[in-house]
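A short write-up of the structure that comes next.
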Amino acid sequence: MANQLVILNVYDMYWMNEYTSSLGIGVFHSGIEVYGREFAYGGHPYPFSGIFEISPGNASELGETFKFKEAVVLGSTDFMEDDIEKIVEELGKEFKGNAYHLMHKNCNHFSSALSEILCGKEIPRWVNRLAYFSSCIPFLQSCLPKEWLTPAALQSSVSQELQDELEEAEDAAASASLASSASGSRTGRHTKL
């Protein structure tokens, strides 16, 4: 299926906007929707991808502090769904969880990078205005705790990634144990499995 719409889903971080809207700065989370899937980025303390997937437009998957604001059609793409998965995987090497920075590498930077690849367009500037203003007003960054901006969906994704790594380690240990047991049985030892 070619010529798929590329949609920017924008979420209002309304609890923060109560404070920043009087300054004319909105604080938004964003993700890119294509092929009925939405990809976004968030921070965590680990050196693997911070990119995660949610149901398009579903703010509840991000957590109670987010609400859906609007969908912006950015263009269309001829990439197939498999290609997009590979692109997102490659972007995950750059957008690692521990590389997240509220002002310099946030969800909106990711959305813009993915959009540029898929349809050749950046996201609208108003979506990431906070990052722009923070470069002009450095103390602004210290006013916004980074941990407030880790979506619940990403926390779930990180937990799953860590669980997968734990299972892989357990499988490797079990395989090593079986190999050891197998070599032990050749030497006359009896091992109960």
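In case you wondered, yes, glycine gets a Cβ from its N, Cα and C as well.
Predicted, not measured: the structure shown is a model, and the values here were computed from it.
Residues annotated as active site in Swiss-Prot: HIS29, CYS107. Per Swiss-Prot, compositional bias 'Low complexity' is recorded for 172-183. Taken from Swiss-Prot, the feature domain 'PPPDE' covers 4-148. If you look up Swiss-Prot, you'll see 165-193 marked as region 'Disordered'.
Ranking the active-site residues HIS29, CYS107 by other CB atoms within 10 A of the CB puts HIS29 at the bottom. Across the range of the domain 'PPPDE' (4-148), the DSSP-based residue counts are 62 helix, 40 strand, 43 coil.
A distance of 6 Å separates the Cα atom of CYS107 (active site) from that of HIS29 (active site).
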